[in-house]
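The annotation region 'Disordered' is assigned in TrEMBL to 49-84. Annotation source TrEMBL lists transmembrane segment at 20-42, 102-121, 133-152, 173-196, 208-227, 239-259, 328-350, 385-407, 428-452, 458-483, 490-507, 559-580 (among others).
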Amino acid sequence: MASGRSTLAESLRELYQFSVVDYCMFGAMLLLSAACGIYFGFFKRNKGGTDDTGTPESSSSDDDESGHRTAPVDSGGKRKTQTTFGSSTMDEYLLGSRKLKAFPVAMSLVAGYISGVTILGTPAEIYNFGTQYWLIVIPILLMGVAVCNVYLPVFCSLKLNSSYEYLELRFNTYVRSIASVMFVIDELLFLPMIIYVPALAFNQVTGFNLYVIGAIVCVVCIFYTLLGGIKAVVFTDAWQVVVMFISVVVVVIIGTIAIGGPDVIWDRSVEGGRIDFFNLNPSMYERQTFWAVLIGGFFYWTSFNSVNQTMVQRYMSLPNLKKAKLSIAMFTVGMGVFVSVCCYAGLLLYGKYFECDPATVGLVTTDDQLFPHYVMEAVGKLKGIPGLFIAGVFGAALSSLSVVLNSTSAVLLEDILKGLFRVNPSPFVANVFVRGSVVVLGLAAMGCLFIIEKLGGILSVATSLSAIAAGTTCGIFTLGMLVPWSNTQGALFGGVSGALLSGWVSLGSQFASAAGEIVPHKLPVSVAGCIEDLVTNVTLVNPIYPDESEVFPLYRLSYHWITPIGVLTVLIVGTAVSFITGPRDLRYIDPELISPVIHRFLPQESFGNFGTASKNAATAAGPVSFCEEMQPHTNVVSSSVATVPYGATVERNGQVSGHEISMMK
């Protein structure tokens, strides 16, 4: 009878297959993504090519009175427009010449963060463990506040190409190298997971081979990222996030109407024990609790979005702090809404399958196939809807993958090649290196795809892997920005300690889970409403969970606690070692390297050093000035301070800008 159930399951899958319309929608998504790369790589021409400082560069241009080069003048006295194909400089390829708009960048941030892990993993998490995870919306909002006030002003002030350059300015090159290498390793581990999720969904509805689909995703993504740089990434993400949102919302609305409305879903969820927002159990071993979601969620989201190069690179593509804060505000609200929709989708799944769990009867083999299976069963007969959904999942994957490829190539150039190996390549070599890195990283991700097939529970796996690097690097940045007396020894010892401890906990729990020593305690399901052929020889019994009391305690921790462990370990060890080895003399520290929320605690003498550590600071003979990003927090009054009126101009790195400043004598 087992073979009979298998035959029936295969027949049900064949019943809900892609139509021609579905394939057309899916194909249109891929073609549009590739077209963005072609547009920004070949047809989007830039007026007056610029160098890395924003200075126009052209062999036939003339110098203006300030020494900057300008486009030649035609016979009619008008400036000729200098055009180049695609991204003419690394600054444009990696940062869009810092001239992008807030809304597209915000949508890119949303699209980059929402991978297929979110779309498929979050509903499965709610279905299996209840609504406690839904409270993650609160940490998301708090994360936005923390990033805008603590970390962002420092990056906007320094105007770095890579976030990890900060660590060399604040500590030394070894700290920078450790963090950047950790970032590259983390992204290499996460890349194949980004590909696996949409391939899994597509396999569920079409039967196509996982590896073939993975190869298609990689090739398309490598193509438009390689050609168009961050401009193609951002603007492709912007429309992809619309497809993502529409696809999930359409499925949710149609499913809600079909099931009888939200009341039916809520009642069934209450009956099945899925509604639980205030599990106040203080145990750190339970997967989802009020404290784990709020505390662990805040640390995780803040760690990833505050200092990670994939996010900071897009913050830096905006012209100023105000635009960056606006972009983060839109990103925060967008993420809260999208995650909420995905959580509601989890309740929708339970409302549909509350009496016939697909996993128990063999219709799905992993939790992450649950949502695609629902889409094909509930709305599969509506031509175009499954195609829209799969296009949304693939759009999420493409956006996340392109962001990782672009930002990782930037880190390889700025932090590994230039920072670690001290190689200063020519513009041509840098261009070849970055674009070559995009290709190699994409191919490496495709080659590692088979590893992910052996792992289950995508949401927790993804969170655990990212938490090692995210928690440690955020801890080091936080140590530098919020603990001004911390020194290089503290950063090194703290960073190594945080990585080892969080890695030990994360990987140890994964190995224990793979060995069957730890099994997530899922909420009960039912097969009472399944058709007879599916439940023949299926006996639903209460699962027998292994005795976890013999498992090492750290391995039993909820995945939510891994990031806080990493961050706090870095801060505690780093601070202690700094005091033991001799804390920094705050009189000689550069306030530009310290978060503005700490400026009020710095000695007055330190503000005379403002900008001295930054490559963008004024020359030694020139004035030392506060940048606009730091000004609101540097109200220092002293006889040694001369106040310059609002609107005064200050020259930084050869460029004149007007803003309110304070100058130290």
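The backbone N, Cα and C atoms fix where each Cβ goes, and this holds for glycine too.
Long-range contacts of the transmembrane segment (208-227) within its own chain (CB-CB distance under 8 A, at least 6 residues past either end) are made by residues 30, 33-38, 40-42, 86, 195-196, 198-200, 202, 233, 236, 394, 397-398, 401-402, 405-406, 435, 438-439, 442-443, 445-446, 449-450, 453. Of the ranges 173-196, 239-259, 490-507, the one with the most Cβ pairs under 8 Å to the transmembrane segment (385-407) is 239-259.
Counting Cβ pairs closer than 8 Å and at least 6 residues apart in sequence, the transmembrane segment (428-452) and the transmembrane segment (239-259) reach fewer than three and form no contact. For the transmembrane segment (133-152), the residues of the chain that approach it from at least six positions outside its boundaries are 122, 125-126, 277, 288, 290, 293-294, 297-298, 300-302, 305-307, 315, 321, 324-325, 328-329, 331-332, 335-336, 339-340, 343, 477-478, 481-482, 595-597, judged by C-beta separation under 8 angstroms. Note on the transmembrane segment (328-350): residues 102-103, 106-107, 109-110, 113-114, 118-119, 122-127, 131, 133-134, 136-137, 140-141, 143-144, 147-148, 152, 241, 244-245, 248-249, 251-252, 255-256, 259, 265-266, 268-269, 272, 274, 305, 315, 370-371, 374 of its chain, located 6 or more positions outside it, place their CB under 8 angstroms from a CB of the stretch.
Beyond the ends of the transmembrane segment (173-196), by six or more residues, the same chain brings 115-117, 162, 164-165, 167, 210, 214, 217-218, 308-310, 397, 400-401, 404, 407-408, 411-412, 415-416, 419-420, 441-442, 444-446, 448-449, 451-453, 458, 461-462, 465-466, 468-470, 472-473, 476, 488, 491-492, 495-496, 499 to within a C-beta distance below 8 angstroms of the stretch. Remote same-chain partners of the transmembrane segment (559-580), defined as residues 6 or more beyond its termini with a Cβ less than 8 Å from a stretch Cβ, comprise 284, 287-288, 292-293, 295-297, 299-300, 303, 460, 463-464, 467-468, 470-472, 474-476, 478-479, 483, 485-487, 489-491, 493-495, 497-499, 501-502, 505-506, 509.
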